[in-house]
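One structure is given below, encoded as structure tokens.
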Amino acid sequence: MKQLLDFLPLVVFFVVYKMYDIFYASGALIAATGLAVAMTYFIYRKVEKASLITFIMVAVFGTLTLAFHSDLFIKWKVTVIYALFALALLGSQWFMKKPLIQKMLGKELILPDLVWNKLNMAWALFFTACALANIYVAFWLPQDVWVNFKVFGLTALTLVFTVLSVVYIYRHLPREQK
């Protein structure tokens, strides 16, 4: 259910973009993301920090897109969010006792520190690559291509990387956790 709520704003953005334009889609994205956060809180009585950060970024960049009637802001939002996630992961690796990935999943999984560090670094590099790919697609290709890349390309890449991460984790789990 939670993943469905997280995915809802993306679907709304895509449908409204195809029916109208990037500006209606940006407004719909703000509303849908706010609704998803509210529903998550209503159902689970908590909202993850990443979801709150995403909502704030959507609200800020979406509002700037509407206020200045420029799609540059909504395009930059994707890059900024991915860059923030990458920086958070890298910062946790270098400045905290445990990598952020371990803090998020360490209660459910027992893995060696080296595995947590590699997994954390892999996700940081993945988010960095997504941020850079978004810059290229958003600013050198037509808007329709960017919307499709944002909705389908980045989503597919994230799903594939998640599956690869699960396989990597599974290979390093103790026998009793498999």
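Cβ atoms are placed via backbone N, Cα and C, with glycine included.
Annotation comment: Swiss-Prot describes 22-42 (among others) as transmembrane segment, evidence class sequence analysis.
Taken from Swiss-Prot, the feature transmembrane segment covers 50-70 (among others), and the record attributes it to sequence analysis.
Long-range neighbours of the transmembrane segment (72-92) within the same chain, counting only residues 6 or more positions beyond its ends whose Cβ lies under 8 Å from a Cβ of the stretch, are 22, 26, 29, 50, 53-54, 57-58, 60-62, 64-65, 98-101, 103, 120-121, 123-125, 127-128, 130-132, 134-135, 138-139, 146, 150, 154. The transmembrane segment annotation in Swiss-Prot covers 72-92 (among others).
Beyond the transmembrane segment (121-141), the same-chain residues lying 6 or more positions past its ends with a Cβ under 8 Å from any Cβ of the stretch are 75-76, 78-80, 82-83, 85-86, 89-90, 93, 101, 149-150, 153-154, 157-158, 161, 165, 168. Residues or ranges marked as transmembrane segment in Swiss-Prot: 121-141 (among others).
The transmembrane segment feature in Swiss-Prot is assigned to 149-169 (among others).
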Remote residues contacting the transmembrane segment (149-169) - C-beta distance under 8 A, at least 6 residues beyond either end: 7, 10, 13-14, 78, 109, 111, 115, 118-119, 122-123, 126, 130, 133-134, 137, 141
